[in-house]
Amino acid sequence: MKGTTAAVVGSALVGVVSAQVGNGVVQWNIQKKHKPADPLGLRKRASTYEEVIQNEQIRGGYFTTCKMGTPAQDLTLQLDTGSSDIWVPDSDASVCTSTKNGGCSFGSFDPSNSATFNIVGKNKFDISYVDGSFAKGDYFTDVFEIGGASLTNMTMGLGNKTDIAYGLVGVGYALNEAIVADEQSTSAAYPNLPVNMVDEGLINTVAYSLWLNDLDASDGSILFGGIDTKKYVGDLTRIAIYPTQQGLYTSFLVAFTSLQAVSPSGTDTLTSRSFPIPVVLDSGTTLSYLPTDLAKQLWTEVGAAYSLEAGLALLPCSMQNSKGYFSFGFAGPDGPKINVTMDELVLDLTDGKAPVFSAGEYRGQDACAFGIQNFTSAPYLLGDTFLRSAYVVYDLVNNQVGIAATDFNSTESNIVPFPSMSAEIPSATVAPNQQQATAKPSATQPGYAASSGFTDGAATSSNQKNAAPGMTAARSFSLSSSFVKMRVIRAVATLHSGRAVAARHGVRHFGLASRVAVAALTVDTPSPRWTASQLGSRRHFSETPFARAAVSAADAALKQAKELAAANMTPEAAAARMTPAELKRLSQVRNIGIAAHIDSGKTTVTERILFYTGRVKAIHEVRGRDGVGAKMDSMELERERGITIQSAATFTDWAKKENGVEETYHINLIDTPGHIDFTIEVERAMRVLDGAVMVLCAVSGVQSQTITVDRQMKRYSVPRVSFINKMDRMGANPFKVVEQINKKLKIAAAAIQIPIGSEKEFEGVVDLVEMRAIRNDGARGINLKISKEIPAEIKELAEQKRNELIEKLADVDDEIAELFLDEKTPTPLQIKAAIRRATIALKFTPVVMGSAIADKSIQPMLDAVCDYLPNPSDVPNMALDLSKGEAPVALIPYNSLPFVGLAFKLEENPYGQLTYMRVYQGSIKKGQYLFNSRSNKKIRIPRIVRMHSNEMEDVAEIGAGEICAVFGVDCASGDTFTDGHLPYGLSSMYVPDAVMSLSIKPKRSSDADAFSKAMNRFMREDPTFRLHVDEESEETIISGMGELHLEIYIERLRREYKVDCETGQPRVAYRETVTTRADFDFLLKRQSGGPGDYARVCGWVAPNERNAEENHFETQVVGGTIPDKYLASCGKGFHEACVKGPLLGHKVIGTELIVNDGATHVTDSSDHAFSLATQMAFRKAFESAGGVVLEPLMKTTITAPAEFQGNILMLMNKRGTIVDTEVGADDFTMVADCSLNAMFGFSTHLRAATQGKGEFSMEFSHYAAAPPHLQKELVAKYAKELEDKRTK
């Protein structure tokens, strides 16, 4: 450091009484003094939840001495840029009167001894922190003195009840005041300290600058209303502070956009998937907290490692002497950069004897804390370890921050005041191109060239010098037993459960809680377009209902933290604790699918993959020509028809050889169907896969189902390698296919191989990355012949296509773009790294080629899968926290974390239900109990298997990132399973609506039980297969994705369950109604030997003008011709008659019946007679009232390529009325009202008219009169059915 090492804990910067006032500025000179010792470690003004219970030690931080009241009372208050209230503990508060913990040694306020004390908000002051500490009392006004300056009417809070032994002086935005939240209104804000200084004429604008100086320095300052140009070096640059989504400013949130590690041995650019990172400049936080992936890179550079024992990343204290530094960049590529040296980042753990590493590579060396720690969720903080190296000007009027490098230990001063309100920061220039601050850079793994330079000059062990870069997370050491575990205080973001500032604004504030550390919280990284409302800025909040919600969220978070701790791991520490073996296991796992248009060769490709990886001993072809069939086509129907009906899973190992080194990759593979009728199989495969191989025909190129598969891959963000198959066919043109991928699928693509020979002369490929020729040799192409000599006839083409590859990569990858602009040729390693980055980022697809049927170039495709597709840790997988309103949380593929898995497919098996499961986090063991998040049922796992098509291999345990199958689990497709420790759910897959229906029934009544069992199984296995019984026709209706889909299930019924079925077009749900008024006068009079039936009803039938979907009955009888007791029976009779209409026996709608007269008989009239008379009168009058048949019209939406618009118009003119047509650049969409009766079989006609590229959906619109000729046919058919029933 820049002087004698000072303990971090136990010291504070304390303002001296003398301050400089005048010329529009107020300066507090702050000096470092030792406060009462606290041996428990680093401070962020608060402690973890447990530590608050166990300890009430005075918190550390930056303090300043002030005077309050008349006569003046001295108090030392903590300075805080992240809050806005001044509050002080009451001298009568129990925390101050108690002698147990030393009382309020920094001072307390006695209101009874101040003549100017005035309460302005009785019981309105209410602050609680998420660790449970609090301060409650009154808002008051009194004199507040800053050295020689005095504010006569300062609003402050008085903590009558508090468990905090010192007060705070907040200098942040006024909207951060506790009263704003309590009143739920921004208008409740009062003038806080900086605003009051302006009102009192002490300063000209609401702004101040902060100079903390060196870690060892004895002085520093905060300057209100001006800047000191002698306290910084270089340029002072203005950067933007980001507001909430409603435009409100609540915290000093800026864009942190770059980070470099620099040492004598080199420079590394460190990256994170979270860049640009929203960070809060927080002068009260001891350490700085950055995303885990970025923090790990910093730790690797300096040789630090996370210690569960200490709860911090530690390193030897000797690293204080390191010559390396880190350069922090803000507000985009042209923004300011602040260098932070190692002597500012290596902090003592105690103010006494340093703890010693007792084991591991640092054994015997003093242990210190590293000043940059990791955190898994926003908001991220740049605390004192950063701010000591930065001179910061906070402009609360223009919402800007001025930042420059600190001039350490400067003894000169040149104060420049802000000239007026709203004036820009003096001597500062605005950072250019700040609009680029939200651009998201590519995340890359650094080469750690600077790592060795950090350790040069620092006393390190030989083990450390020989440590491999990138392995920091696995460092093993322990501390001496005398070490007291310190409190590591991090800000916790109570995201998704924050407290609103004002209901009418909907502003969300998520406690940037200065008083609690919950290491287990995990939330998704904010997107590049972020605002402060995504992070929040509250350090404190009141006990309003909003506050209680936030505290409840904290309680839930603490509960989660304890549960994770019980598993001996937290998500935050998971990445830091992964062993080299675990990291290597994950890096060599690939979960991939094979997907394509029908007949593109997916199953043939899969068969070769299994053969070349040694999973099968012989190759068999589809359609079972040799009596065996392809391994992945296990169903007899698949082998007969030569198509894949069900997705099939397998696993295999591929030994990839490169530069003489062999690495074995474990591949979980799913072969998916190509026919659109079985699209659900592709949907659920894509839901759980990390990558895919999209197979295309070298002749046909991008086809209809290719576009559908592309849409599914994009829906689930699945990176893909494109494989052009059938290169040996006549007319094969791989470069045309690459162009189609770019244009039709709208994803950047470039060939990384070119063919050697074409069509029948196809021999192999040229690898454009390594510039080498690859040919297959031996039986079935089992061997590879690799040569650096490229055939002369294609050498020029190879150079051309390699340049095209580099140009395409330059469009999607920054590193290649820089090399391209500098006219430098990237190395093969750089090209490979760029392809992998761009592929995983979904910006690019590398294109390889070969011929599966000819056994050529499958092995290079497997190498591409290993090189360019992600491993489970490369893909962000999110769960939904059901305890927090489905707030998204990240899952980490680490075995030691609590289990989270998704059941994505069910399959009936002779041994019971087989449930396919993807393990996202944790591991699953045989005999383990799991919990179904949907049903909350506890289920034991009796058997775990790996699937190899229809074969099974029992295993005892499956790790994170893997795919397996389990028996004995009663669940539905899409259910989430956990080990009971996490309230998580996973989003299920997209299930398209059924587009076709058939009526079905078993031919033999004795098959009813088998039929029912089969239907239940099919519906459980396939979410797109649906069954219902039509209430009117009493027919069993099955629905699915198309004729082939339903045909397959009908055939499976016959083969697997021995049930022969009859199918037919389902009966359409017609309706009947009347079109005009018809009067009736009906007399029912009949005698049957005893009391007869007598009832006369008069009235009329007419259309119901009020509601065309409802029926209406009304009585207008006067004079009592029909007693009231019979009128109700008339209404009942009318509604019974509407159940089965006179024309077709379908429901009658939109009709009203009015009864206005009638007659009764003394003995023969009854309820039954009047009900029957009304029914008969209605049927007789129905024909006279113009009874018609209504048919259902469906709102049909059709989407197809624009070239087929004419064909679609011809189809729809026969079926309905076109309502709307929208023509886009490539596709057009048509909306029409179509008769449901005319839509049966439409899917087949549409595919024929659009070459399989059209899609349609239907939903019920309304009823309308059927065409007259159809009505006559239907009425005649119904009459014949009735006649047939009577004559039977």
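Placed from the backbone N, Cα and C atoms, the Cβ positions cover glycine too.
Annotations in TrEMBL come from automatic prediction, not curation.
Copied over from TrEMBL, here are the features:
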type	residues	note
ACT_SITE	ASP80	active site
ACT_SITE	ASP282	active site
BINDING	596-603, 671-675, 725-728	GTP binding site
COILED	795-822	coiled coil
COMPBIAS	430-445	compositional bias 'Polar residues'
COMPBIAS	452-466	compositional bias 'Polar residues'
DOMAIN	62-404	domain 'Peptidase A1'
DOMAIN	587-873	domain 'Tr-type G'
REGION	428-467	region 'Disordered'
SIGNAL	1-19	signal peptide
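Sequence features annotated in TrEMBL and their locations in the structure.
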residue	record	Cβ neighbours (10 Å)
ASP80	active site	25
ASP282	active site	30
ALA596	GTP binding site	27
ASP599	GTP binding site	18
LYS602	GTP binding site	28
THR672	GTP binding site	28
MET727	GTP binding site	27
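In terms of DSSP secondary structure, the compositional bias 'Polar residues' (430-445) contains 5 helix, 1 strand, 10 coil. Considering only the recorded positions ASP282, LYS602, MET727, the residues lying within 10 A of ASP80 (active site) on a C-alpha to C-alpha basis are ASP282. THR672 (GTP binding site) sits 52 Å from ASP282 (active site), taking the Cα positions as reference.
Averaged across the domain 'Peptidase A1' (62-404), the predicted model reaches a pLDDT of 86. Calculated from their C-alpha atoms, the gap between ALA596 (GTP binding site) and ASP282 (active site) amounts to 53 Å. Distance noted between the C-alpha atoms of ASP599 (GTP binding site) and ASP282 (active site) is 61 Å. Cα separation, LYS602 (GTP binding site) to ASP282 (active site), rounded: 56 Å.
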